[in-house]
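One structure below.
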Amino acid sequence: MTDTKSYKDTVLLPQTRFDMRANATKREPEIQAFWAENQIYETLSVNNPGEVFVLHDGPPYANGDLHIGHALNKILKDTINKYQLLKGRRVRYVPGWDCHGLPIELKVLQAMDAEAREKLTPLKLRYKAKAFALKTIERQREGFKRYGVWGDWDHPYMTLTPEYEAAQIEVFGQMYLKGYIYRGLKSVHWSPSSQTALAEAELEYPEGHTSPSIYAAFPMVSASPDARALEPYLGELGVAIWTTTPWTIPANLGVAVNGDLTYAVVEVASGTPFKYLIIAKDLCDRMSQVLGSELTIKAEIKGAALEHSTYRHPLFDRTSPILIGGDYVTTESGTGLVHTAPGHGDEDFKVGQRYGLPVLCPVDEKGDMTAEAGPFEGLNVLKDANPAVIEALENAGSLLKHEPYVHKYPYDWRTKQPTIYRATEQWFASVEGFRDQALKAIQEVQWIPATGENRITAMVGDRSDWCISRQRTWGMPIPVFYDEATGEPLLNEETLAHIKAIFAEQGSDAWWELSEAELLPEQYRHNGHTYRKGTDTMDVWFDSGSSWAAVAQQRGELAYPVDMYLEGSDQHRGWFQSSLLTSVAVNGHAPYKTVLTHGFALDEQGRKMSKSIGNVVDPNIVINGGKNQKTEPPYGADVLRLWVSSVDYSSDVPLGGNILKQMADVYRKIRNTARFLLGNLHDFDPAKDAVPYDQLPALDRYMLHRMTEVFADITDAFETYQFFRFFQTVQNFCAVDLSNFYLDAAKDRLYISAADSFRRRSCQTVLAIAIENLARSIAPVLSHMAEDIWQNLPYPTAHRSVFQAGWVQLDDQWQQPELAETWSQIRTVRQEVNRVLEQARTAKDIGSSLEAKALLYVADADLRQKLAAMNPGDAIAPDSNHVDELRYLFLVSQVEVLDSPAALVGVKCSSESDALGIGVVDAEGQKCDRCWNYSTHVGESSADPTICDRCVEALNHNF
């Protein structure tokens, strides 16, 4: 007895160096090194044939480690940049960092002991802050590069470099010379914890702040000529007000009413120190509940008539007027009369200016009451001042009601402490001067999503003047000198040009390093005046808001206005706005053509990420793994990048362990598909072996048609920045079109046919087109995998890198809608056949589908005829291409197309509908040792008695 012949070595199984496992922690850095050594980004950004494309980087703050928000932002930018590179544009991406400001200053101070802090000069503090920022930048830069982000990392922009600071002075100077920057006493947001003024963009409004809510009454002294109706009640009449900042009562200089509202003198039944109160008529019922007393209307009067009536301050010996306020005086809360302290409120300040009231601000920079507050001197407005003022009001017989009030309140976004309004001398940018121009510029920009336009329009339309000065050391100095004798500021074209030249050479530290004489132009050194330099620094939003000038305009290889700004949705009130305002003020137009915004990263339950909850996703751990690599495996940068592409970033986006596992799973499926494609091309060279399009079987031409649809969808997804559509399409293409359909059917062609057969080469022609275009299309997102695929193409290509190969390359003639319609019907039939095969497997009637013969009845005569034509009786018939056959599509050994559903009666595993009848029975013949198909022709060859006629022909290179 002889041993059975082995055919194992005659089956052409896949061969590739492309690993099934990504091994990302090792392989991704190797790929990044390949990009760097070959200067792929640098070469393309110069040599691409298309236009320059500038996505201008919003500078992250040089403070602390990178978080998932940084990853989301930078990967979105990189996805767009790489797509534009592949499309042939000269992408110029200069990463930037925001380097000045309080958080860095605080970090430096916190790292020092009390004694060292005591000895610290402003200049030493600046040196330490700069060193801290540069060290942070180095760490963050390496993190961004590890994400696979491309850019000019060797020449980033930093807001602390001399060239940047000089350009910022130029922006400031041009705005000043146009009359848009002025110095004034105003009530501004002040942070006692930071001891500096703040801009609106530096505030946050957390829920749950508790303030003391008080109702108080000030004794009425006199009625204006139009308010004589009040005279009978004077002496017992109180002007009722409501406030949640009792500490501002010592600074009260007026009470504002709404001229259009009707007010009422009400008699209070009991429980208050006043017999009569004046309140808004519409609030009588509510005030009755608040005071717990019946109120009887005794007289009515229009708000306008109350103007110039007076009352006496309950705690100080002064009388003040009733004023007409603005729209902010409403009947939505309180009494309809608003306590007005011009030193402690924006609206208060404005109405006070209109009536010529002094600006009383008895509070210092720490929030402590000054001597002007009389008995309250030394008390802190956010600590013990409120209880003391409330007690004083009660003792004076002025307090009507006191209760806690929970509401949103402005906090310093850096120290997370409450802020106050405080009148101080500050520098402002007058938005009023160019507001209309800014609103017009907004309309000329493309906003993605479109709701961004409404947001920023409302913000710019409503905003007050921009307070640009800060009382801190680590920042860009406001380049102003003050006359020692008069306090008048010296700031003009000569001084600005001189300071700009000094900063361009020495940096802004020169403001502290040099004397006034060295900083002043020659003509001001001996002109009979003594000057001192100012100590205020610029708002950091002015720093970053000048980046269009310091980077896009200054660097010759870039362009201004830039193509795109892309940041989180909070930047409508931050960088988008500060950049818009400075650019419009100086040049009359927006600095950007398109603005794209994304939401914030939340956990899987939609909660904000926080260390206290323990739901923070650290991008470094996602990429490199945590301490326990079983619970925190190293996924690599591409899985993180795939997550970014999967989410609809127009709103907040979720991330957590489960989502990362799902992303890793999708990543693996795409990788395995690519591996199969590469493995089956190991002996293929398109230059020599490709089959011309017009000779390809219908199945292959259908697959090329599908590719035109798939890659058109992917292209559109990138063009419209809807990356989640890329994610869905590429996933579906790999899983449904390739793995479950085309590649499933292709295995027989690829493994069993002769190496150089038409049947195999035609399939490889399609696989080569698929793998090259798959690599190109995933490159903006799965950059490392795409490059890995390209490096493992088993045949020579014209390009070293996938990024040099350009975007997907398709042929218009591949679009065959009629062919696609037929194959769409065939795929539907195939799905039903698979369902019945699965039933037979479950019932243990068959093991592999190759053990089956499919019986098929199709009611549609036209389709039945087409299917019958795809079912030749002879497996090796010379007139067949041996591809467009039902048996290969259904993965069964035989198929019988029935003329009538009657033949399905009694078939155990079957499925019938009006349109379709399917049955599964045992295949006829014996199992072939080589291809595992069942055939009635096994044993016909004496040389190869255990294999079928197809395999015999294949071994003879004929099939």
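Residue 1 is the first one shown; counting continues down the chain.
Including glycine, each Cβ sits where the backbone N, Cα and C put it.
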Between the candidate ranges 60-70, 82-92, 588-598, where does TrEMBL place the motif ''HIGH' region' annotation?
60-70
Can you identify, from 48-52, 453-457, 608-612, 728-732, the stretch that TrEMBL calls motif ''KMSKS' region'?
608-612
Residues flanking the Zn(2+) site, with Cβ no more than 8 Å from the Cβ centroid of Cys928, Cys931, Cys948, Cys951 and excluding those residues themselves:
Ile752, Asp929, Arg930, Trp932, Asn933, Ser935, Val938, Ile947, Asp949, Arg950, Val952
Does anything in the same chain, at least 6 positions from Cys928 (Zn(2+) binding site), have a Cβ under 8 Å from its Cβ, and if so what?
Tyr934, Ser935, Val938, Thr946, Ile947, Cys948, Arg950, Cys951
List nothing but the one residue from Cys931, Cys948, Cys951 whose Cβ has the fewest other Cβ atoms within 10 Å; the candidates are the binding-site residues.
Cys931
Could you state the CA-to-CA distance between Lys611 (ATP binding site) and Cys931 (Zn(2+) binding site) to the nearest Å?
58
Please list the DSSP helix, strand and coil residue counts for the motif ''KMSKS' region' (608-612).
0 helix, 1 strand, 4 coil
Other CB atoms within 10 A, centred on Lys611 (ATP binding site):
7
